[in-house]
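Below: one structure, written as structure tokens.
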């Protein structure tokens, strides 16, 4: 079965880079797929996206006119027609498996045919600065909840409930973990190395955050200080507030890191402070693009470099253009990417000999 996202890929490359290639830090490749049933309105919708680090590089949408796996970055456009034909065949096969799994899982959970249900899947691998394998992932979810996941040892499964144990027994009998491990430690790593080389100008860059602070009166006695970080890459960043040098984590409102729409990211952290005491508070920003951490303090003469109204309007527009399905898939990805167990439907690499990134085909649940 393949994993589904709350109501809302797979790639394999045959090229390999020499192990002498090194990068600044660790890197990851992730594929996320979501199938959503829609009773009375035709076949389930299937969306698959692939990420190298924080950059989406491929996408498939069964509702799109092209019905093809498509590049999402310029450096993927160098792949030839045979590559895209192979990836499209593989991702369509995965979509078909999910259609079957949706019916199977309804039976496992004794659900009626009338409601809409989802399957999500996330899989991928991480490499270290030397390009060598660090860890692999394979997770599945049903209706937004963990279903089954490949354990950190890549040899066994964790099932979330009695229904998932049925799938676990099937996959253990089929040797699914061994197939996944071979892909994750082999072709997944080779593909990631190749993408890092082909897209190095984008993937291996660091853009330092542009920072500023805004002040928003809450009442006659309190105000909100908001610390902004804009235009940074990669997405990993730390924003913290201190009062007189003491950490204010519990009193901090912190939003998830958000894509800016131009390949960079934005984030803010806010605290409510007594009016007139603003200068006791400092915001601390850490990011690999900075030579050293930044410390910001509100001054009465401070003016935001970007009007807050414009930023909020931009974020609203960004939310409007991103489809709900992909947003849900990404949210599920971030929630699960650092966990060794989640949900997932096993993929048997029927096409792995041909080097298809999507050849980690989902086994039926």
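The backbone N, Cα and C atoms fix where each Cβ goes, glycine too.
According to Swiss-Prot, of the residues 110, 350, 110 is the one noted as N-linked glycosylation site. Per Swiss-Prot, the stretch carrying the note region 'Connecting peptide' among 9-18, 299-308 is 299-308.
Sequence-distant contacts of residue 125 (disulfide bond), defined as residues of its own chain at least six apart whose C-beta falls under 8 angstroms from its C-beta, comprise 28, 29, 133, 134, 135, 136, 137, 184, 185, 188, 189, 192. Around the Cβ of residue 283 (disulfide bond), the number of neighbouring Cβ atoms within 10 Å comes to 27.
For the region 'Alpha-1' (25-114), the model's pLDDT averages out at 94. DSSP assigns residue 125 (disulfide bond) to a strand.
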